[in-house]
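Chemist: Got a structure for you, questions after.
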Amino acid sequence: MKLFFIVLISFLSLLQASKGFDFDEKELETEENVWKLYERWRGHHSVSRASHEAIKRFNVFRHNVLHVHRTNKKNKPYKLKINRFADITHHEFRSSYAGSNVKHHRMLRGPKRGSGGFMYENVTRVPSSVDWREKGAVTEVKNQQDCGSCWAFSTVAAVEGINKIRTNKLVSLSEQELVDCDTEENQGCAGGLMEPAFEFIKNNGGIKTEETYPYDSSDVQFCRANSIGGETVTIDGHEHVPENDEEELLKAVAHQPVSVAIDAGSSDFQLYSEGVFIGECGTQLNHGVVIVGYGETKNGTKYWIVRNSWGPEWGEGGYVRIERGISENEGRCGIAMEASYPTKLSSTPSTHESVVRDDVKDEL
């Protein structure tokens with residue numbers, strides 16, 4: 001009975017956090033009312049701020065609330081909300097949550113690697129809509145927290161997806177292993193790319209489960225993988241989607257979740273709530289996400305279903321629908337510029353029990 005109430009309380013807390021936080025115009029009429037709104041928002045999101053920061057945070061909150069209010073009064077296909085990012089500046093948001101400079105990491109890494117092929121090149125027909133969540137190939141939305149590990153979350157989500165598709169087994173995998181251990185070309189909480197992460201998983205014989213190597217958002221980069229037993233999920237390699245081509249990207253997403261990089265640094269993206277995102281964003285790729293489907297609204301607006309790693313309270317339960325099929329080849333927010341996916345051709349079970357190496361045992 002005690003366990004039941006603990007589970008119930010946890011569920012209700014999550015439900016409350018994921019619900020929208022609404023306000024009306026009367027709460028914006030005076031500074032006193034906005035202060036009360038800010039206090040209500042802090043309670044809703046369990047936000048604690050140091051006393052010396054109170055004025056600064058309130059002013060930032062007021063600015064963001066007014067932006068949300070003005071934007072939502074316009075006739076746009078998406079809405080904003082005062083989510084948990086509402087009292088941080090645009091610069092702070094970019095630094096903490098959209099600061100993985102893909103161009104910088106690409107320059108350090110050099111030319112793209114992989115198999116050199118695109119297995120979906122000859123696909124001629126795809127379904128009008130696909131949602132890998134409905135097919136059971138997507139785990140629950142996760143939260144990278146204050147760590148620039150989006151690349152690890154994007155990589156893991158794509159691997160979880162293809163593993164489910166090939167083996168009919170959905171296993172939540174370890175982002176923390178990538179943060180701690182994939183350090184030759186990626187930089188933990190300082191950012192990275194999905195491609196070398198796919199290579200790491202292949203070359204190291206797979207990746208641990210989240211259960212055995214849980215996420216803690218730390219960036220000490222002390223690799224514990226060799227001292228942990230349990231299941232390991234493997235892949236065969238990875239491929240790239242031809243860049244700047246949404247039609248080719250569509251072929252890939254029709255067959256599996258695909259890792260992509262986007263420009264997620266705009267104020268509207270920071271405060272996104274629901275709808276098809278057509279807001280301002282460039283092609284300065286700074287955030288790794290994964291496309292888990294696509295579709296079209298009743299009024300004919302095409303979109304990608306994109307899974308983020310900022311927790312379920314952001315956006316549409318942790319997801320954003322981004323406009324698809326625009327005139328620019330790069331796609332909205334550069335979504336077609338850096339797309340890749342893991343390959344796994346075998347339909348045999350992909351998990352195996354790993355053992356602690358003898359040399360590691362000796363050290364324990």
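Including glycine, each Cβ sits where the backbone N, Cα and C put it.
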Chemist: Suppose you had to name the range Swiss-Prot annotates as motif 'Prevents secretion from ER'; which of 141-144, 293-296, 361-364 would you pick?
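Modeler: Within the set 141-144, 293-296, 361-364, Swiss-Prot attaches motif 'Prevents secretion from ER' to 361-364.
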Chemist: Annotation N-linked glycosylation site in Swiss-Prot: match it to one of N122, N299, please.
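Modeler: N122, according to Swiss-Prot.
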Chemist: Quick one: which of C147, C281, C333 does Swiss-Prot link to C189 by a disulfide?
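Modeler: According to Swiss-Prot, the disulfide partner of C189 among C147, C281, C333 is C147.
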Chemist: Where Swiss-Prot annotates a disulfide for C181, which of C223, C281 is the other cysteine?
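Modeler: As annotated by Swiss-Prot, the paired cysteine is C223.
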Chemist: In three-state terms from DSSP, label C150 (active site) for me.
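Modeler: Reduced to three states, the DSSP call for C150 (active site) is helix.
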Chemist: Find the shortest Cα-Cα separation between N308 (active site) and the recorded positions C147, C150, C181, C223, and name the residue that gives it.
Modeler: C150
Chemist: Out of the recorded positions listed (N122, C150, C181, C223, H287, C333), which are within 10 Å of C189 (disulfide bond), Cα to Cα?
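Modeler: Cα within 10 Å of C189 (disulfide bond): C150.
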Chemist: Quick check: in three-state DSSP terms, what is C189 (disulfide bond)?
Modeler: helix
Chemist: How big is the gap, in Å, between the Cα of N122 (N-linked glycosylation site) and that of C333 (disulfide bond), rounded to a whole number?
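Modeler: Rounded to the nearest whole number, the Cα-Cα distance is 27 Å.
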Chemist: Please report how many Å separate the Cα atom of C223 (disulfide bond) from that of C281 (disulfide bond), as a whole number.
Modeler: 36
